[in-house]
Amino acid sequence: MSRGTMPHPGAWADQSCVEKPAPEPGPSSPRMTRAAAPEGGKAAAGGQPRAAVRCPAEQEEDMYRDEYEIEKEKELLIHERGSSEPRLSVAPEMDIMDYCKKEWRGTTQKATCMKKGYEEVSQKFTSIRRVRGDNYCALRATLFQAMSQPAALPTWLQDPELTLLPEKLISKYNWIKQWKLGLKFEGKSEDLVDQIKESLTLLRKKWAGLAELRTAEARQAACDELFTNEEEEYSLYEAVKFLMLNRAIELYDDKEKGKDVPLFSVLLFARDTSSDPGQLLKNHLNQVGHTGGLEQVEMFLLAYAVRHTIQVYRLSKYSTEEFVTVYPTDPPREWPVVTLIAEDDRHYNVPVRVCEETSL
Amino acid sequence: MSYIPGQPVTAVVQRVEIHKLRQGENLILGFSIGGGIDQDPSQNPFSEDKTDKGIYVTRVSEGGPAEIAGLQIGDKIMQVNGWDMTMVTHDQARRRLTKRSEEVVRLLVTRQSLQKAVQQSMLS
């Protein structure tokens, strides 16, 4: 498994400065609903009004539906369409090669490349879980993997100073008030400091709760319950985004003082659109969850924010040394590792590994 | 015990000699194993280092050959009859322990409680 090479400054100038991630469609993105259709096939198939399907024996009944029946059918249709939106933000696992065969049927060069990539992944992972494809998917996939792993509560989360961070930073840097909250929180009149503090507290509380569960199954089930497209889930993302901003501010200050900083932070602030943390917030972090996901250099920032090493199988880079890219490039040994899969660098899914126990 | 793949390992080991029990066609040992270089090391509740892909004892049957021999849950198996078990796949480990021609398997295991006991006595 090769480590991803650090892109040299020239490469960044070509790529991320100019290119903004293509705006992804809203919450019910094609990926999730397309994949959901086979599973929810019974419920959502064509939305055929039930009343129209009658068996021959019942032909004596009045074929014309009255106003009341028509209204009832409309309600059923809406209900069915609504329920075809999966509740779980991370779908149940499915065999990885089955998934690959379904998604990539053709014989184009790209399809072949993807199939080879998935085959390689299947050497270490048996299954894949699709992640809801809105612009939170990088955060979602990473956080889901980190929280569902059987490991103790990270020490940085145990720090009591954590919840004092919003107060500290926002009073110091007024521009943080330009923070754009997620759609689920729009219209809330709560003070930003309180909002973020609540999110951080929730992150710690939920993570600690998961860490206390004894078996891997219980932890996985509880994690599934947390990621159910409700306000709670999105509150966690506000916390993570804030932690990313916090780290960015730290790194920027260190850089200004002439201290040694990791290379990615130099590149992060070398972009025209994020020459300082304020710009980073306005032009980048504020878009995450709305009109854009995370760019490559921001994946490094995410890793630093949650102190987890993010290992990504980048299928589009199959047969190059970037096939498995590790964020950050030289991770500290004590950071837990989470693994993600990305076909292009826009959407992330999570692989699931087999854990055998054999009795002798 | 911190374990860096490729580096020499220093460990306090315990010898455990298991006499397999014949049950019909099978020779059973009375314990279960987890781990292996093809497995997910972060799922191991017994290892100190979460990157350790060694073979660990995950269960010991009460009154079985392994328990009688002194094997304990959480033990890391270093060697079986001279064969290394620190860099094997899960299946390789299974095969090394269940050879039909061997009625006795001599294991070298490390145990965290042992490590700590030795460290303590060295300090005093």
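We count from 1, first residue shown onward.
A Cβ is built for glycine as well, from the same backbone N, Cα and C atoms used for every other residue.
Please treat TrEMBL annotations as automatic predictions, because they have not gone through curation.
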Between the candidate ranges A:277-283, A:291-297, A:326-332, where does TrEMBL place the region 'Linear diubiquitin binding' annotation?
A:291-297
Take the Cβ of A:ASP134 (active site) and count every other Cβ within 10 Å, whichever protein chain it belongs to.
24
Out of A:CYS137, A:GLU322, give me whichever of these recorded positions has the highest number of other Cβ atoms within 10 Å.
A:CYS137
Mind checking how the region 'Linear diubiquitin binding' (A:291-297) divides into helix, strand and coil residues in DSSP?
2 helix, 1 strand, 4 coil
Rounded to a whole number, how many Å is the Cα of A:CYS137 (active site, nucleophile) away from the Cα of A:GLU322 (site 'Linear diubiquitin binding')?
21
A:GLU322 (site 'Linear diubiquitin binding') versus A:ASP134 (active site) - Cα distance in angstrom:
25
To the nearest whole angstrom, state the Cα distance for the pair A:GLU322 (site 'Linear diubiquitin binding') and A:HIS347 (active site).
17
Secondary structure at A:CYS137 (active site, nucleophile), reduced by DSSP to three states:
helix
Please average pLDDT over the region 'Linear diubiquitin binding' (A:291-297) for the predicted structure.
94
